[in-house]
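Accompanying notes for the structure given below.
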Amino acid sequence: MARFSLLVLAALIIAAAASSSWHRSAVEAAIVDGLLQVGFYDRTCPEAESTIREIVNTDKNNDPTIPAGLIRIFFHDCFVKGCDASILLDETPTPGEETEKQSPANGFTLNGLSTIDVAKSTIESLCPRTVSCADIVAFAARDAAVAAGHPGYPVAAGRRDGLGSLKSSLPGNLPGPGQGVGEITRVFVGKGMTQEDAVVLSGAHSIGGAHCFMFSDRLYNFSAGADVDPAMDPGYAGMLRTVCPAPGSPDGEDPENAPKVAFDARTEQRLDTSYFVEVLSRRGLLGSDNALAEDPGTRPLVEALARDVQLFHRKFAESMQKLGMVDVLVGEGNGEIRMDCRAVNTPGEQVPPTLPSDF
């Protein structure tokens, strides 16, 4: 079997035992075709998860923006072609075509790629040709969340890496910064996820930020009747206008060097509920953030998450686990275990079968 949708996964979910250290859910114990499971590398590479965790923590200590970047890489990978590490490839199978990395939705805004590179090279020195890049991305995203204050959650592994990456695969597969709840929901449902998952995973905006070009349309020439988006708190909008130049101005013509603004100015390095509080106060940075509070279908959940950090942590863990199972590649003959996350293996680089820990 090749790729599995969450509709198929639903039939394979089994109940999980409670854990004192991590939030557990039914998703954690899902096994896809007998290969995607928690503790997949317990026998074949027992140091894999702890090694990745140490690397993520080290990089986070040197650069506090790393956790947000790693979670974003995971999301952008899984929603385009599934969780197969295609976002990491530097070349496509067809010379001359552009990769996912080269899309405007990724490009220079990707942060954390070097962390994945270091994790892969380190793991290869410990357990050659064993741990997939797709699993490293999933582990690193979890460890990034923990480094930012989340209690943690188990990650089912056994994914294999894809063989291609195309920029043309992105349109329609990622929510846009200015989209409404209906459009965002359609994208999530198309991946076998839900509107609730969309709201909960937006909580990742409790850390990280966005460059001005992603939201400056809300600050200048918003509509015929309003220069600034009236849904945005005027004081917040005024502050943002002092940071972000108007589109089309000399200072607003270079996206790569545009200023970057934190999604959550109150606790921008902490994965907590402050983001939802800010959104309810009309201080959501992106139009898509603001839409969650304005839409009557999503506002009640935003309100619930804003006042209950434990609820947010539990829901976030569940949604991240579901995200990690979107269209995974499992089983021999489907994808490969890359030796370098940036390139597919050459024909001479034969990788032995990867078996689950209890084989």
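Sequential numbering from 1, following the chain as shown.
Glycine is no exception: its Cβ is also placed from the backbone N, Cα and C atoms.
Keep in mind that TrEMBL annotations are predicted by a computer and have not been checked by a curator.
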Cross-link partner of C83 (disulfide, per TrEMBL) out of C45, C78: C78
TrEMBL annotation, disulfide partner of C127 among C45, C212: C45
Residue pair C45 (disulfide bond), R72 (site 'Transition state stabilizer') - Cα distance, angstrom, rounded: 26
Sparsest-packed among the disulfide-bonded residues, when each Cβ's other Cβ atoms within 10 Å are tallied, from C78, C83, C133, C212, C244: C212
Among C83, C127, C212, C341, which are recorded as disulfide-bonded residues, the nearest neighbour of H76 (active site, proton acceptor) by Cα: C83
Cβ neighbour count (within 10 Å, all chains shown) around R72 (site 'Transition state stabilizer'): 22
